[in-house]
Every structure is written in structure tokens, then in C-alpha cells.
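Colleague: Attaching a single structure in C-alpha cells format; questions to follow.
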């Protein structure tokens, strides 16, 4: 039971990005502090402000915003009101205005009418800005996926930023985007009203990663488990974890993961997989868990698929490869069949099947996306006539053929002969 | 994978809606004006509970995937990061997920993007299941909430999840049902690769993969099932990747154990499989296609045995193998054929005609005969379309002169090397480019030429019988345009885009030579004389 509780605790920590990124709350140069400083200033000085948070996916931008806002809400409960918009959902202006009006109504306990038109909503928003400005309340707009708002005419951005400048309002606009050139996407008139403050989120350094791991993986002493067990468990796990974290192999694994994608989210996924494979009998994490999780990052999907493909389908792939080697620019099922029959006449194999059977194998390959049509416009041609192309590279095909034990030798021979003269 | 339980067959809908009503009556039943019970679509504890060993034995070859999935889902009340299960078709992904949830007895919502073929239906299905709303006739089969835009869906989903969670905790406090359910609700989206071909599909995919972030609700777990590889879901602006679980294709041993389940005479079937499995698996490794191909073969195999419950010894095995051998080669060259329901007269006629011909095992006609019924004018129209696509337009005058026939003796070609090369090139071109297009007028002209000769003979026959028929000419010409549109709908002829210069629509014949010859044989039309070739 206790091990289950420990497992559940670790998993819920890893699931919650706010917890994960709270590691860096205390350090002074972190983005958390900078953002907090900025917003506190604009609240206390009663001025408008705007800022962009940029960084690759999974670096914790929204988590940092959430942490800052949480803290500010506890410190100044009545002088902040938060509106959150997401570019995926609200990039259309009407939806955005409706959502803004809805959230404003929710915050101030007003009744929201679904039938209000977008002009009404826009007017409402401007009125609210004025009112809140007069009563010294700041409205904070969080625009997630900022680059999607910058598509099209940018009416919402313009009206928002314009209202901030003209009306006596106190508003802060926080834009969050994974495109590092998000501010280049803005129109001239919008950009002139936008302050050029940017916070960049960079991949963490080694010490930061170490701090993160300790913050997440060490169990606390006060979560209501049996005290004797807790002491033993904790010390064991600390001792154990110390060992693991200092182990060279673990460092290598960690390095290879961060090499591919340095964002913290990637690391969190790796840890989640490792933690969920923690054995429940011993209740301890071991290096094997991390190694197992690392294996999942080394998949080769297309070569994996080639192990499950039938022999006839392999024949078709090899025929297509031969046609490509012969530099036939466009070929279709009929040409592949011609090649297939030529092979069988030359080598007298036993795998000679009728056209309809081969067509079914061809369709399987299309479904698996190992081959594809050259143009997808859905022309009115039957499958046999439409030009096709291979979607795997010759090298992957070679690896796939080699790894199959039941592959007929003739295929290897045909393949070798063509590519590796 | 064909899933069979000894007691009853589980289809997807019955996996979600249990047959008995929930014993923990958390909601009052609606007034029984129309008999639709208030069934809680979430998996409550009233379906047959499944232990871990049973689960593993029901899904052969899937032990590592089951363990991986169980580990990722974790203990009850524990959140999970989204997971994507991917693998080829018929590898048991959906079956595994549903069985795992039957074992864990946790609440889930299942929506397949194959049956929910557009965003609105997908969203409404998910919401219906969460709100425990069943579509019934008195509402006109409408759903609980109308929702077709993603922003509305996210809001409604959040409300529905909160409602479902609070209803559940309320229910738990009222009646002490088995506490296995927990607070987590799992959303299972099946066949997500189909979303890519929807309108605005990429946007919907991004939203679907980001539901946990958008909702900010803690107790929802997401599982996606897909046939396409994870590479298909990488979007241009980067994506948060779910955790991947790969379902490899079944090995031959796994296929063997799956097919062996629920067989009446296991030893006999295993002898049969040892004969047929290896050759057939060279053609296809998909277990649904293999199962369909083996069914008639097994019947044939057992025909040689007098006692079907016999356990065969070596001599019997050899005898059975020899008996089956000729049918194997035929069967391997067949693809799945749906036998058509024909009346007894046609069957009699067929058996009379084909006494000598070797028929394949499913009882369908041997290849060489047309097995589609078409009206006479449709057959002629099809032949005309095939000729129009196949022959260049300049030959029409020579082929279809006033006598309606062609005289091949005039066109005997000398087999010069250049003309042979030209033939090869033409053949290669036909292979690559496919059939040519023709305008409607050309089709009608050819049709008229062909049918005029036929009526000539038909009229002679009928006049001999002493019954002058004026309508014979009308028979074949009437409703040609109607026939043409039927053939277009059946995809025998297709309409290409209209040429911008001429402005009229052009047609193209989609049938291959085999079929054209079958049709021509049916009406005794000498097709080979008219084809421009070799």
C-alpha cells in the first residue's frame, strides 16, 4: 500500500507542470522572477504593459505564467483579474471576443448572454477595461499560441492593444509562443503598440537538471505514510537515488535524452515512464527502470513495420526499389507488376500470384504508408494507374530485409545487386 | 482480430453500454414512456470481471503491451500522461484497450473516428457518453448538446467532466459501490489517423492531442489508438508527444494460437494449420484475411474425414493433405469473395453449365464468367466505353463502317521491327497512362454502331418467329443516358474534368481487359476484332 502511495505521489508530481517548474522559483535570474517583477511593477505603478514569452515546446512557459499568477493572487487577491485565451481555439475574432466577455462576466459575477454580437462584446470589453482602470484593478490577458493570433487580420490584437493605449486602463498582455519570431509576425500598427519585451526560455543546464531531479524524485517525510516505513523508505530511496544520480551510465542516458530534445517536458516524460515501471514489491527505483525507459526513445518505426510485412509485400517493395534504381521517373502498379513478372520468369520462384492478390498486397502497403501516391489530389484514376512512390529509403528497406529471418534469399540478392554494385 | 468469448461476443458498443443496468442506482430512472433505460455508459462493476491471467490468455502475444499499458495507466486515482498506441491493422489494439479497462473496471469514454466521421459527431458522441445520454426515438435521436466547433467542445467537455466527477462522488457517498472506479475518467479515441483527411483535420488533431493542457482538469486520462506511425502526427509547429506503445504484428505462433481458440477439434485444426498457415502467410499476415480464407478450406479438409471428431494419425494426416493440395493453389490466388445470393433457378443453370469447370471453394463462379448482373444495354454501353477508351479516335471510321463490322484481313500488318517497337511503346504507354478519355458523342456513336448490327440479327430472328417487333430498336437505345449515369455511379465509367477548350465533359472507362472480355463473351460480341493492338 505504501509503495502504491509513493508511486501515486511521484506520478502526480510528474503530471503537474506547475510542480515541476517550481524548482526554479527560488533562483534569482530565472524567468519566474523576471516575470513576477514585471507584473508587480505594472500593478503597483498602474500602467499598461506587454511581454512575450518565447521558447521551444515544453520549456514551461505556461507553467511559469501560472505560478506567477498564483502567487500574485494570494498576495493581491482583489486587484487582479485573469483572462486566458488560446490561439488554437480562439483565433477567430468572434470566438475570442465571446470568450473574453464570458471570462470577464465570470470574474465579476455578471450575467453572460450567449446571444450578444461581437460588437457588443467588443464594447463590453472596452467598458470593462475603463472601469477596471478607474478602480485600480489590473486585467491580465494570457494569450497562448500567440503566433496563431497573429494570422489573418490581427483585429483582436489591434483592438486590445489600442484600447490599452487610449482608454484609461490597467492591463498586461502576456503572449506565449513557441515560434521565436512571433513578434516579426505582427503588423506594423500592432507592433508599434507592443512593447518589445521578450523572455527567452532556454534548455536547462546540467546543474538545473540535477536540481530538478532531486526536487521531483525525493519523497517528503510528511505524506501520511507509516513513519518507520517512511524513514526506511526515504533513506533507502535517498541513498538509492544518490547512487543512481551519480552513476555514469545514468548521466549518459540523461545526456542522450537531452541531446535530442532539451525541453524539460521531454525529461518529464522520460521520468514518468521510468517511475511507472517502478517495481511495487521493492518500492525502489533502479537503474533498470531508467534504462527501460530509454529504450523507448530509440525506436525505428519503419524498420519495425518491415518485420510484420508479408513476403509478397516485400517483393513489391523490392520491385519498386528496382524501378527507382532504373531511374524510371514515374511508375504505377502496372509497371510494378511487369517487373514482378519479369523477376519470376528469370528466377522461377514459387511466389507467383495473380494480379488481384498482388493488388491487395499493394493496398496493404498503401495503408501502412510504406508507399504513397505521388499526388494526393484524388484524381479519377484507379489504383492501378496512379503513379506511386516509395516512402521508405533504400537503406531502411535493406535493414528490414536483413533483419528478417524468413526473408527469401532471392530478395536480398536482387536488392544487393541493385544498390550496392 | 476476431474476438470470441465462450459466452457472448463483445462488440465495441456492448463494451461501453453494459447489458444490465447498474446496481448502484446513482441516477433515478426516467419515466418509462419509451423503454430506454438510464444506463451508465461508464464501465461500472456489472460486467464480467476479468482477472489478469484471463486477460493475458484472451490476448495471445500481447503480454508485454498489456503490462506496458497497465503500468502507464497506473494505480487508481493516479493521473497519466497521454498515450498513443500504434500498430498495423488487425493487431489487437482496440481489443487490448477495451479488455484492459474491463479488467481495471474504471470509467472510460470510447469514440472511434471511423464511426464518428466528422468533428460534430465525434464531439457529440463523447459528450453524450459523459452525460450518460442515450439517443432514443422520442428526442429524434438527437444528442445531449449540439456542438460542432472545437472551442465549444472544449468548454462543454470541461463542464461535462466536472459534472460527471461530482455525480460520481455523490453516488459513492450514497451507496457503497466497489471503490475500484476511482475519480479518473479516461477518454479513448480510436482510429485517429483518419482525422488527417478531415476538413481542418490538422487543427483538430492538435487540439485533441492537447486536451489535458486546454482543459486543466486533473482527472482525465487520454489514450489514442492509431494505425499510422507516430511520425504522421508531427505538425510543423512542434507538438507535445504522447507516450508511445507499439503493437507489433502477430508472429506465426501467435496467429496459430489465436486461430486455435474455440475450435471443436483442436488436434485436427492444428494439423490443418500446420499445412496451410505457412504458405498463406507469405501472401498476407493479417489475421482477419487469413481467418476468412481458412474457413472454406477447413470445411474442405474435413470432407475427407468420415468422423469430424477424430484425432488424426500420421496416415490420415497425409491423406488429408493430399486431398487438400489442389485446392490450396486455387485458394491462394483468390481474394475474399462475397458469394452472392442467387435464386435457385440460376444456381441450377449454373451447375448445368459448369459441370466440367473446376469451381473454387466458396461456390462462386470460376474466373472466366461474369458474376454481375447487368441489363443488355448496359453491357453494350460498357463495351463501347471500353473500346472508346482503348482505341484512338482516328480508327473509329475504319472499325465501325456501315456494315458494322471490321474486316481484319484488310489490315494485316507486316511485322517490321519499327512497328513492333511502336506496339511495345503503345503497350507501355497504356500501362502508365491508363485508359484515354472520350466525349459523350463518340460513345453514343460507337454504341449505336454496335447495337445496330445486333438488332439486325435480333430482328431477323424475331421475324422468323413471325412476330414483328418495332420496339426492339427502342429496347436498346432507350434510356441510354440513364444507363450511363448508373455506370458512372458504379465506377465502371468515370467523368473526368471538362477540357477548358472544348467545354464538354469527357468520360473514361475504368474496367480492365479481363472484365471487358467477360462482358463481351456474355453477349457474344467479338471484342478482339475491334481492339487496336498488337
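Placement of Cβ uses the backbone N, Cα and C atoms for every residue, glycine included.
Those TrEMBL annotations? Automatic predictions, nothing curated.
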Colleague: Select from B:377-397, B:398-418, B:419-439, B:440-460 the stretch of residues annotated by TrEMBL as region 'Disordered'.
Modeller: B:398-418
Colleague: Among B:1-40, B:41-80, find the range that TrEMBL records as region 'Disordered'.
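Modeller: From TrEMBL, the annotated region 'Disordered' range turns out to be B:1-40.
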Colleague: Could you pull the average pLDDT for the domain 'Orc1-like AAA ATPase' (B:59-197)?
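Modeller: Summing pLDDT over the domain 'Orc1-like AAA ATPase' (B:59-197) and dividing by its length gives 86.
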Colleague: DSSP-wise, what's the residue breakdown of the domain 'Orc1-like AAA ATPase' (B:59-197) into helix, strand and coil?
Modeller: 69 helix, 17 strand, 53 coil
Colleague: How many of the residues that make up the domain 'ORC5 lid' (B:269-321) does DSSP mark as helix, as strand and as coil?
Modeller: 38 helix, 0 strand, 15 coil
